[in-house]
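Quick notes on the structure that follows.
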Amino acid sequence: MNTSITARELFEQQRERLGLRWAAGKSGEKRELEAGNTVSRRPSLAGYLNAIYPNKVQILGTEELSWLDALEPRQRWETIEKIMQSHPLALVLTRNQPCPEDLRAAADESGTPLWLSPKRGHELLNHLSYHLARTLAPRVILHGVFMEIYSIGVLITGEAGSGKSELALELLSRGHRLVADDAPEFTQIAPDVLDGTCPELLQDLLEVRGLGVLNVREMFGDTAVKKNKYLRLIVHLTKPMTEPTPHGYERLTGDSGTRHVLDLDVPLITLPVMPGRNLAVLTEAATRLHILRTKGIDPAAMFIARHSNLLERRTP
């Protein structure tokens, strides 16, 4: 999923927090920053004024303006022109410093947004870098029901009619929490972290065949829903195989694997759906098993080792 942000959107999102005021270059409010073309390149998303490797949002503090003032008139003009030619998303002056007229004129002429803020440079840098990194982070929508089970994020997937929503409803009645139904959105906010959220349109809602759309917050209370959760496990519901497996190894280890989501391999446990099986209990057990494995405890490996030791002791 492609993500982007315009200068106007960034200004509106951070105006109150950073006290931003628009000083010049308002014609460039539609200037856009796209994730695919910026995140992997050398320039930072936000940083102090850099004319060699220009940042996407250039911050001008007292030292940067003093450096510009120390330049010869022609060199100063060439430097300002070079800054504008790099097409930054915006320029931000710290501590409400008076904006130099030549900088203001260049911003208006080139359509480069120029903002003023009462904040210090490091505050602007921290807030803008974090906000842009989150906004432009890689993201994907996966079909399924995303829940918090035993304090970890679990995505329940499966074909249409496999019982995902019914399973989610039973898990809710057992005290677990809903994050998103049908179309949870996952954002890679760190190299090993996928943050799952619910689209605004679907918040608090769960669709169950025969019942229609249910408002989980109204039915189960505020504690039954959660705004976001990190994805740690995928439980996939599938129809049982018609042919027997060629070996019994899966009877020991279960049907476990991984699913590649963005840049991460997420642990995957597959549960066959058959009449009479309590999927809620099985999903809870799968979650507990995953928690044990993250602690280095693998019951199947322990049994295999115990069995091997027993055979060795009985071998003459």
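Using the three backbone atoms N, Cα and C, a Cβ is placed for every residue, glycine included.
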Listed range which Swiss-Prot flags as region 'Important for the catalytic mechanism of dephosphorylation', given the options 2-7, 200-205, 272-277, 296-301:
272-277
Taking a Cβ cut-off under 8 Å, which residues six or more beyond the ends of the region 'Important for the catalytic mechanism of dephosphorylation' (272-277) line up next to it in the same chain?
158, 162-163, 237-241, 255
Around E159 (ATP binding site), how many other CB atoms lie within 10 A of its CB?
13
What is the total of other Cβ atoms whose distance to the Cβ of A160 (ATP binding site) is within 10 Å?
7
Taking the Cα of D182 (active site, proton acceptor) as the centre, which of the binding-site residues listed as G158, S162, G163, S165, E207 lie within 10 Å of it?
S165, E207
Inter-residue C-alpha distance, E159 (ATP binding site) and E207 (Mg(2+) binding site) (nearest angstrom):
15
Listed in sequence order, residues not in G158, E159, A160, G161, S162, G163, K164, S165 with Cβ within 8 Å of the centre of the ATP site Cβ atoms:
L237
Summary of DSSP states over the region 'Important for the catalytic mechanism of dephosphorylation' (272-277), given as helix, strand and coil counts:
0 helix, 1 strand, 5 coil
